[in-house]
């Protein structure tokens, strides 16, 4: 019987061991969670007391939306943007993000920055606006007085005065709606309308062909720039860097302006805009050309970019190549042209689109290698970066950020559910990035808020919080082409607005 008292002691020892084991497991788990939280974008930031309260409210709303999405099976980032947009606009989180000071938009194409609705309702209603149809059914516009000469039959039908054409229509609204459909990718059934990438890119290209005759008309051009700045300013964006191809801008009498005139016009409009918009920081242009062109033409473009930057150092930030990577020339194809500045000892910053593809091992995929080798200041999209561990490591070491455009990547069919976007992994590891919107008008969006929502809810999941948003906004200034002095002023302006935003978020709805 003397052995019996030993049993409770053994049981107690086992229980204590299990308790310590469970405790150590919990501690280890918490340490892992904390390490991951510290690693993610914004994880190193320490929030002030008021920011913590604001974060608590934001995360409560976010969690409620996610719980509702789990219950209903309807989660906007998992849906195509055209079907998710209306749901997003009802979201409490989205409406908070609309008020959030976002800093800068660093990946926006000039022709895609203004609501297409304005082009239809304003630009096409101006006097002397003509249109014609190409043999393939594409619409082309031109302002002219006297009327433009009859085009060649293989190029376009006869020019028709739009004002006169509308007068003969039984339903002008339906015609205007058809124009709007021509100017955007928006459709009720995107999966059916755009069954593959070729189809969506084909329509995408026709949009810019259609609107070019409107936007490049000098009076529209000025108003277009101003309105683009207005739309982003209303969305709490104070600075933009625009990819601009600087197509010839023309007057009513047919006179065509130089690229220098266009750059000066951007400069003048931005200066005028700043006078009536407190806190607006400005714009810079990234001169761009199309990657479908021959090497000899890209050599000329690089030369032109150097000249424009020398003439407008405060306005022209650098050079990029635009257009679909999968079907265009690779950066490697253009290496001879792209080495010209370095061979002449001229600094021409590059802001290359690279890796906007889901075809691994192709020349488009390997654009990431050449963007790194050519010291691209930032990388546009970089969708394929996670498939290139060496490039990923070296680009991170060089502090080369990605310009992530979630909606663009989804609409152009690189990814369907944004929770599966490769930038979700990059965001979790803390890779430097900014959020931008590419061609928001073509997607039926405005400004940056829609992309921020997709990034915050879809890419970041529940772990992304106010720190993530704050870091992304700060990154947009840090990785901009502004000078160090300009960045300091921009950051101060942003911080002032950020504090107001946090105070309002803490107070909650009135």
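Any Cβ shown, glycine's included, is placed from N, Cα and C.
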Candidate from 73, 168, 254, 323 that Swiss-Prot assigns to the same substrate site as 110, 201, 202, 203, 204, 205, 206, 207, 208, 290, 439: 323
Given Swiss-Prot lists 107, 109, 353 for Zn(2+), the same-site residue among 26, 198, 438: 438
Recorded positions: 122, 171, 206, 375 - member with fewest neighbouring CB atoms within 10 Å: 171
Number of Cβ atoms other than its own within 10 Å, given for residue 107 (Zn(2+) binding site): 28
Residue among the binding-site residues 204, 208 whose Cβ has the most other Cβ atoms within 10 Å: 204
Assigned conformation of residue 204 (substrate binding site) - DSSP reduced to three states: helix
Residue 110 (substrate binding site): nearby recorded positions from 132, 156, 171, 381, 438, Cα cut-off 10 Å: 438
